[in-house]
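Over in Swiss-Prot, the protein carries these features:
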| type | residues | note |
| --- | --- | --- |
| ACT_SITE | H94 | active site, electrophile |
| ACT_SITE | E165 | active site, proton acceptor |
| BINDING | N8, W9, K10, G171, S210 | substrate binding site |
Amino acid sequence: MRRLIAANWKMNKTVKETEEYINTFLKFVEHPESREILICPPFTSLYVAGKMLQGTGVKLGAQNCHYEKRGAFTGEISIPMLQEVGCEYVIVGHSERRHIFGESDELIHKKIVACLEMGIRPILCVGEKKEEREAGMTFKVIETQIKLALTGVEEHTDKIDIAYEPVWAIGTGTPATPEDAVEVHTFIRNLINQLNPKNEGKTRILYGGSVNPQNAKEFMKHEEINGLLVGTASLDPESFAKIVYSF
């Protein structure tokens, strides 16, 4: 599979700012078929982004979803709603959802199952906090997060991507080293192969956490890193383009 470079804008950009960004970013996009490019704007910008990205080769994704198709869930958004505006991907279990909004492994599991049932590709985010890393619990934390998220759907791992995002590196300007990332990515790959021996490398494992144009190339030198989930550095179209074409 092609390596995936994903932009997670988080709670940034109005509709007007989204239009300006995409108009600028598309000027930098050449041969998108050589890699998969994904932009995940806030919900209010999904419709206009979907229209502007049609036929460009750049994919559209959402930052979150609910596991039900419809109902009395004030403030939530369903997968069919996302698909109607062109979303092919959705980020599930981002550390900010886990730690700021209290999303549990059980809830994340429900979202993963719903994504698979409804035909949208989830990017499952996993990662350890600083104190867990210092206690030598990195692998245990990640194994638990992955196993709980994928319980009962292990045979469908080929339809899921995983983003390793060490919580201590997100938005701090202090990324994990490429060597740290490779070690964890290798662990995740081995775990996925244990859960589904037929996976055959179809689950891409991305790195996320203070990625920028200066360090992206160092991460992407390693075959164990199948892509990047980019936060702050994706908010500037030229900066994100440099990351996309850093390898």
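Glycine is treated like the rest: Cβ placed from N, Cα and C.
A map of Swiss-Prot features onto the structure.
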residue: N8; record: substrate binding site; DSSP (3 states): strand
residue: H94; record: active site, electrophile; DSSP (3 states): coil
residue: E165; record: active site, proton acceptor; DSSP (3 states): coil
residue: G171; record: substrate binding site; DSSP (3 states): coil
residue: S210; record: substrate binding site; DSSP (3 states): coil
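Take the mean position of the Cβ atoms of N8, W9, K10, G171, S210, the recorded substrate site; other residues of that chain with a Cβ within 8 Å of it are I170, V230, G231, T232, S234, L235. Other Cβ atoms within 10 Å of the Cβ of the residue listed as 'active site, proton acceptor' number 26 in total over all chains. Within its own chain, G171 (substrate binding site) has S210, G231, T232 as residues 6 or more apart in sequence whose C-beta sits under 8 angstroms from its own.
When the Cα atoms are compared, the residue listed as 'active site, electrophile' and K10 (substrate binding site) turn out to be 10 Å apart. With respect to their backbone Cα atoms, N8 (substrate binding site) and E165 (active site, proton acceptor) stand 12 Å from each other. Less than 8 angstroms from the CB of W9 (substrate binding site) sit I39, C40, P41, P42, S45, Q63, S234, L235, each of them six or more residues away in the same chain.
Just so you know, the Cβ of N8 (substrate binding site) picks up 25 other Cβ atoms within 10 Å once every protein chain is counted. On the backbone, the CA of K10 (substrate binding site) and the CA of the residue listed as 'active site, proton acceptor' stand 15 Å apart. Of all residue pairs in N8, W9, K10, G171, S210, the annotated binders of substrate, the farthest apart have Cα atoms separated by 14 Å. A simple Cβ count within 10 Å picks out one of the recorded positions K10, H94 as the most packed, and that one is H94. Around the Cβ of S210 (substrate binding site), the number of neighbouring Cβ atoms within 10 Å comes to 20.
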